[in-house]
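A.B. asks: To start, I am sharing the structure in question, which I have written as structure tokens.
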């Protein structure tokens with residue numbers, strides 16, 4: 001049965017709004033102009049035609065004058081209406097104590113993320129709540145294009161498993177995004193940082209289902225969206241460990257009509273990107289499915305997608321784990337030792353087989369995300385714990401005399417991982 005949260009869009013009620021007629025964009029294949037140098041839009045972008053959501057090229061900061069910033073704000077306000085709050089920089093400085101280090105949550109390719117608090121004292125009608133304030137570093141890896149892409153996508157998409165964008169700020173060279181605050185941080189931190197308690201099996205499965213629902217929602221839109229950077233650091237967790245996808249800076253509209261794929265410059269994160277995308281630049285929703293399979297393997301094993309410090313045949317999680325994924329008795333040799341056998345044997349095996357299908361070298365052999373959701377939801381209630389069914393602890397024979405649970409647990413050595421909610 002289809003989950004209603006993953007099929008929210010219908011042909012009679014499309015989610016996308018067209019840009020205002022005086023606003024333009026740049027796509028990887030077709031040039032329509034850009035927000036700082038607007039030209040009349042094409043005739044097909046009429047009031048009754050919902051064209052594909054535009055993506056935007058990086059603009060030099062020298063081009064982002066007062067007038068261009070004002071035009072961007074005007075265009076976004078016309079397009080998104082009251083869906084997002086257009087914050088002023090002085091307001092953001094007020095709620096972060098001028099971006100004080102005491103309020104710093106993390107740092108990554110975009111810049112720094114600070115915690116703040118908004119309410120109706122700051123702006124009338126604002127819901128009182130903590131927020132995450134993401135401040136663009138003008139010397140960083142991401143820029144205006146990614147900032148604008150995120151505003152456009154998250155400004156129009158609403159789903160329980162997508163992080164909520166509350167507002168933005170565009171003043172001269174400053175680019176800021178304001179999100180709902182996710183108190184549990186990123187999945188990356190919970191899986192790979194020693195200071196975090198191990199996630200129980202039921203919680204891992206819950207996270208896997210919720211993240212799959214987020215991707216399924218994007219893929220099942222009338223005009224599908226390819227997330228393009230699915231990884232543990234972009235999966236954020238609320239107080240109940242409900243997973244939400246964040247960081248839409250690399251998201252892209254999928255193929256339309258008779259086209260089987262879109263061709264684009266290869267971007268994303270090494271270890272998660274699908275091989276056909278890396279080699280050809282051909283991008284489909286099945287590219288996201290591959291990345292999802294990698295994250296499933298991380299949830300099962302507690303290992304990162306790539307670990308250069310390991311022996312060569314163990315550096316890539318797929319190459320290392322694949323020989324163990326089709327047998328329950330062999331699978332236990334690569335299960336996260338922090339679970340200590342507290343996982344369902346059947347659910348773990350079925351999850352491993354699903355992950356193996358997701359990372360198939362042939363994109364056509366990978367399942368759709370709606371099918372992934374259905375498969376994982378059927379595993380939630382299994383109670384055959386490995387620790388009580390003879391599958392744990394590992395015997396020396398099952399280990400082949402090579403790897404002990406204690407040694408395998410050392411992959412979380414003191415090396416500090418990058419903060420969660422940002423692209424590494």
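Heads up, the Cβ atoms here are built off N, Cα and C, so glycines get one too.
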A.B. asks: Of 134, 158, 164, which does Swiss-Prot put in the ATP site with 105, 106, 107, 108, 109, 110, 111, 112, 113?
C.D. replies: 134
A.B. asks: If you measure C-alpha to C-alpha, which of 105, 111, 179, 233, 277 (recorded positions) come within 10 angstroms of residue 264 (phosphothreonine)?
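C.D. replies: So the list is 277.
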A.B. asks: Please state whether DSSP places residue 277 (phosphotyrosine) in a helix, a strand or coil.
C.D. replies: helix
A.B. asks: Rounded to the nearest Å, what's the C-alpha distance separating residue 105 (ATP binding site) and residue 179 (phosphotyrosine)? Just drop the number here, would you?
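C.D. replies: About 13 Å separate the Cα atoms of these two residues.
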A.B. asks: Give me the CA-CA distance between residue 233 (phosphoserine) and residue 179 (phosphotyrosine), in Å, as a whole number.
C.D. replies: 16
A.B. asks: Enter the number of other CB atoms within 10 angstroms of the CB of residue 105 (ATP binding site).
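C.D. replies: A 10 Å sphere around the Cβ of residue 105 (ATP binding site) contains 19 other Cβ atoms.
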A.B. asks: Using a 10 Å cut-off on CB atoms, tell me which of the modified residues 233, 264, 269 is the least crowded.
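C.D. replies: Among the modified residues 233, 264, 269, the lowest count of other Cβ atoms within 10 Å belongs to 264.
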A.B. asks: Once near-sequence residues are set aside, which residues in the chain of residue 179 (phosphotyrosine), 6 or more away, have Cβ atoms under 8 Å from its Cβ?
C.D. replies: 131, 132, 134, 163, 164, 165, 166, 246
